Amino acid sequence: MEQSGLLRSQILQNDYYCPDHAAICNITSCVLPASNFNAILNTVLSIVITVMLALVMFSMGCTVEAKKFWGHIRRPWGIAVGFLCQFGIMPLTAFILSLLFDIHPVQAVVVIIMGCCPGGTGSNIVAYCISMTTCSTLLALGMMPLCLFLYTKIFVDASSIVIPYDSIGISLVALVVPVGFGIFVNYKWPRIAKKILKIGSITGGLLIVIIAVIGGVLYKGSWEIAPKLWILGTIFPFCGYAFGFILAYISNQTWS
């Protein structure tokens, strides 16, 4: 105990501080036990988001008429534009930005994965794009591996990337089942469906706030990133918005 106290005195005199819970501590290094805080937080956040997203999708389904939904599937011009944006423009934009900003290969892979992931949560709340989200989530089962194979080869071994098929499958179920039930409720009880929509809109707003607060405040190390990654992360979504709007405008889609 005396030696330990003397060692800590010397460390403090040399302006080097080692926390009390450190597993190994000496004058030159400090080894801390592994923290599973982020892992636990990620599990809790995933459960909360899945439940809230299912509620939001149920309320969104209450706005959908079966005939109109089937009409989008039979004439999928809008879905085709969304598909081209989701699996054409976004992965390519992520690849180009990663090269321009000369980021670390692992960081480049993360950016490209973000560009390949199917959209849904935010877009559904803002635009009620049920048909597009359903199709993009389903098509992601094949398009994500293809995009990652094409764009990550120069950064890492593409075969080492594991596609989260289980997460995509859970997202698909959490989307299709509540939406289908919501369409049924809207068909049978349209007045009740309007009330449910209000609840879903409030839940959607809370969902966005929860994701922002937990992701930006509670996650350890979430702010410890290089400035160029902040810039890249800001530019990336706006590129998607801009190109998506241009493609929709060129293909004579409605403003909505």
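Cβ coordinates are placed from backbone N, Cα and C, and glycine is handled just like the others.
Whatever TrEMBL says is automated annotation, not expert-curated.
Pulled from TrEMBL, these are the features on record:
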TRANSMEM  39-58  transmembrane segment
TRANSMEM  79-101  transmembrane segment
TRANSMEM  107-130  transmembrane segment
TRANSMEM  137-156  transmembrane segment
TRANSMEM  168-187  transmembrane segment
TRANSMEM  199-218  transmembrane segment
TRANSMEM  230-250  transmembrane segment
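Residues 50, 53-55, 57-66, 69, 118, 120, 130, 133-134, 137-138, 140-141, 144, 193, 196 of the same chain, all 6+ positions outside the transmembrane segment (168-187), place their C-beta atoms under 8 angstroms from a C-beta of that stretch. Under 8 Å from some Cβ of the transmembrane segment (137-156) lie the Cβ atoms of residues 83, 86-87, 91-92, 94-95, 98, 105-106, 108-109, 112-113, 115-118, 120, 163, 165, 168, 171-172, 175, all in the same chain and six or more residues away from its ends. Below 8 angstroms of C-beta separation, residues 78, 81-82, 84-85, 89-90, 93-94, 97-98, 101, 103, 111, 114-115 of the same chain, each at least six residues beyond the ends of the transmembrane segment (230-250), sit close to that stretch.
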